[in-house]
Amino acid sequence: WQKVLYERQPFPDNYVDQRFLEELRKNVHARRYRYRAVVFQSGAVVQQLCSVCVFVVTWWYMDAGMLSPQGLFGAALVSSLLGYILFDAVDGGAGRQESGRTRWADLKSTLVFAAFTYGFSPVLKTLTESISTDTIYAMSALMLLGHLIFFDYGANAAIVSSTLSLNMAIFASVCLASRLPRSLHAFVMVTFAMQIFALWPMLQKKLKAQTPRCYVGVTVLFALAALGGLATVSSVGAVLFASLLVAISCLCPYCLIRLQQLKDNIHGPWDEAEIKEDLSRFLM
């Protein structure tokens, strides 16, 4: 018997001999994970959860009148300047040289965004007057959940969409800002949303790539700050949120490592043929 179909043989087409299972291979392309590496990668999820938590707590403080828009704008401005300096200092300005973008271009983009946001803040304030508050809260919660689902955590998956994730976060910020007392509150809230949902992840990605130890430290401090802010609003919520962070950063990686040992993918002569030769020359 020969494993060919172009010769007539006294065997059916689906016949196999005793050597069939000799070519069986298991877990050929399976990846082996280390617990510390998985915990390190889970920091991106923890960061985004804390970002959403900080944003919601900040909105709550402004809605309750416990935080002035001037104070939030000043703090956000100072933190943005520090983050801007750190962003260039991490890699010595190599990323800026590769992109060819100047500081003057960054300043112009910032001024244009601030001017347009401030000019349209009265519109943002009255944009959802005809919609009930409960509906606004429900839409904001769904948009923030969608932001977390579609955010780029570094995985190469079809569901990942950085643009959609950012748009959903900004839409949630506009909805929540429309329930604040004044137009200035709405302007500061949308500006703060851009900083924490657009600029902050960019800095974190660079820290993760250039200085992993600094990235871990910043992640821990950011998580503690988010828990501290949430504890001032709800102690029960802080406990539940802390449990969620521990589950994502410690328990889920442990479960992944344990389940990886049970992985049993088989490969053999029954697999579909893969053409590894470069066929682009036939397309000319």
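Cβ atoms here come from the backbone N, Cα and C positions, even for glycine.
TrEMBL entries are annotated by machine, without manual review.
Keep in mind the model is a prediction, meaning the values are calculated, not measured.
TrEMBL has this to say about the protein:
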- 35-61: transmembrane segment (TRANSMEM)
- 67-87: transmembrane segment (TRANSMEM)
- 107-124: transmembrane segment (TRANSMEM)
- 136-155: transmembrane segment (TRANSMEM)
- 162-180: transmembrane segment (TRANSMEM)
- 186-203: transmembrane segment (TRANSMEM)
- 215-233: transmembrane segment (TRANSMEM)
- 239-257: transmembrane segment (TRANSMEM)
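By the Cβ criterion (distance under 8 Å, sequence gap of 6 or more), the transmembrane segment (136-155) is counted as touching the transmembrane segment (35-61), at least 3 such pairs being found. Most Cβ pairs under 8 Å to the transmembrane segment (35-61), among the stretches 67-87, 107-124, 162-180, 186-203, 239-257, belong to 239-257. Between the transmembrane segment (186-203) and the transmembrane segment (162-180) there are 3 or more Cβ pairs closer than 8 Å, counting only residues 6 or more apart in sequence, so the two stretches are in contact. Against the transmembrane segment (215-233), stretch 239-257 has more CB pairs under 8 A than any other of 67-87, 107-124, 162-180, 239-257. Among residues of the same chain six or more beyond the transmembrane segment (239-257), those with a C-beta under 8 A of the stretch's C-beta atoms are 33-35, 38-39, 42-43, 45-46, 49-50, 53, 223, 226-227, 230.
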